[in-house]
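**Student:** Dumping what Swiss-Prot says about this protein:
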- 1-35: transit peptide (TRANSIT)
- Val36: N-acetylvaline (MOD_RES)
- Thr212, Lys238, Thr249, Glu336, Asn463, Ser468: substrate binding site (BINDING)
- Thr249: active site, nucleophile (ACT_SITE)
Amino acid sequence: MHSCSHTHFVSFKLPHFFAPKSFVVSSRRELRVFAVATTVEEASGNIPAAPISLPQGSWKQIAGGVTAAKGFKAAGMYAGLRAAGKKPDLALVTCDVEAVAAGVFTTNVVAAAPVVYCKKVLETSKTARAVLINAGQANAATGDAGYQDMLDCVGSIATLLKVKPEEVLIESTGVIGQRIKKEELLHALPTLVNSRSDSVEEADSAAVAITTTDLVSKSVAVESQVGGIKIRVGGMAKGSGMIHPNMATMLGVITTDALVESDIWRKMVKVAVNRSFNQITVDGDTSTNDTVIALASGLSGSPSISSLNCKEAAQLQACLDAVMQGLAKSIAWDGEGATCLIEVTVKGTETEAEAAKIARSVASSSLVKAAVYGRDPNWGRIAAAAGYAGVSFQMDKLKISLGEFSLMESGQPLPFDRDGASNYLKKTGEVHGTVTIDISVGDGAAIGKAWGCDLSYDYVKINAEYTS
């Protein structure tokens, strides 16, 4: 914790985020979590809050984000990396022990320096001790000089933490083509290291520090049991624009105190990413910097997980899925210029992958997204997007519902209350709620979900004005 005389950054908790099946806020985009400078005394009682909607499960949501699990500390601070303002722009997450590490990265061939570095490190190392994240400069397309800047930062933070350089992973977000402001970053590192704690406040500061065009910070943690022992899984993420499978301008750090072997952990993280971050879309752009780093300290005392085919693995996978899906939905909800979250559920396929592919196609459709923003219950656009997903299904099995309104049955349009359906879209947008689209394509048992947001005039304005 900072001393009470120091500037501290917190996020205000907005009321009424949660509803039985979706989350809402009471006044659209004006009421959001935002960073403010205050003292710790003044900040008392303000905890990190983002509109996180978790799936149903045996876990309970708790405070703490990345510091909820045993062995983890975090910090966030302003280091002068952003173009303007005093919002935190440098974050650090550390583990007291060697944490089993996994990473999932962008599929963009124009990969940023930190992506190249992390992939290389994790090819030979099973563990990590720290993740350093900067906002402001993406350090993508910066050549050898940008890569060396990053190595210098890694070396400096490793020295301060008294760990090996290869135990430090790094993530960057910001303007493509700009190198890290190395001098400012290096100057800030001693303060950042000394600011670390396992407090909720520092977890929140870190979550704020990694944001760019985000209007809310995203942080969540859950508590459950693995093998009868209490474990925790927490995480933070950033993302608002350039969000499209596979992953997007999306950074994430996931932590757990469960004990799990390296190869199993990496497979579990990949599965969870495929069910969450790879199932969200805002604008169809895939970033150069996508990174999710997941660390497992093993300090909970839970049984070691050495196989995917055991009850303990299923218990941990469920918690991991829940945290990542909660963060992913929050990112889509916070899509640039958006007025609502769109949740697409597809049933009736033979495999989960097929259902997920159709759901992703519908959630990604610019025409569907524009129709939702225009409050137009356009079943034709939904049907078309499902049809071009690349998954074969029988037309006469197709069913489509929008909220409580059935739009299509047996591949044929149904008479429905168009004004009522339009009003459903309007009212959902007014409270920045969740529009649900349910699709059935057959008799299979598989289910897949995807999340997106509507496409508004403001999206164009925000990105037209974003600096290059």
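Backbone N, Cα and C define each Cβ position, glycine as well.
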**Student:** Counting all other Cβ atoms within 10 Å across every protein chain shown, which of the binding-site residues Thr212, Asn463 scores highest?
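**Tutor:** Comparing the binding-site residues Thr212, Asn463, the most crowded Cβ belongs to Thr212.
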**Student:** Within 10 angstroms of the C-beta of Glu336 (substrate binding site), what count of other C-beta atoms is obtained when all protein chains are considered?
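**Tutor:** A 10 Å sphere around the Cβ of Glu336 (substrate binding site) contains 24 other Cβ atoms.
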**Student:** For Lys238 (substrate binding site), what is the secondary structure state per DSSP, taken as helix, strand or coil?
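**Tutor:** For Lys238 (substrate binding site) - judged by DSSP and reduced to three states - the answer is strand.
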**Student:** Let's check the environment of Lys238 (substrate binding site): how many other CB atoms sit within 10 Å of its CB?
**Tutor:** 28
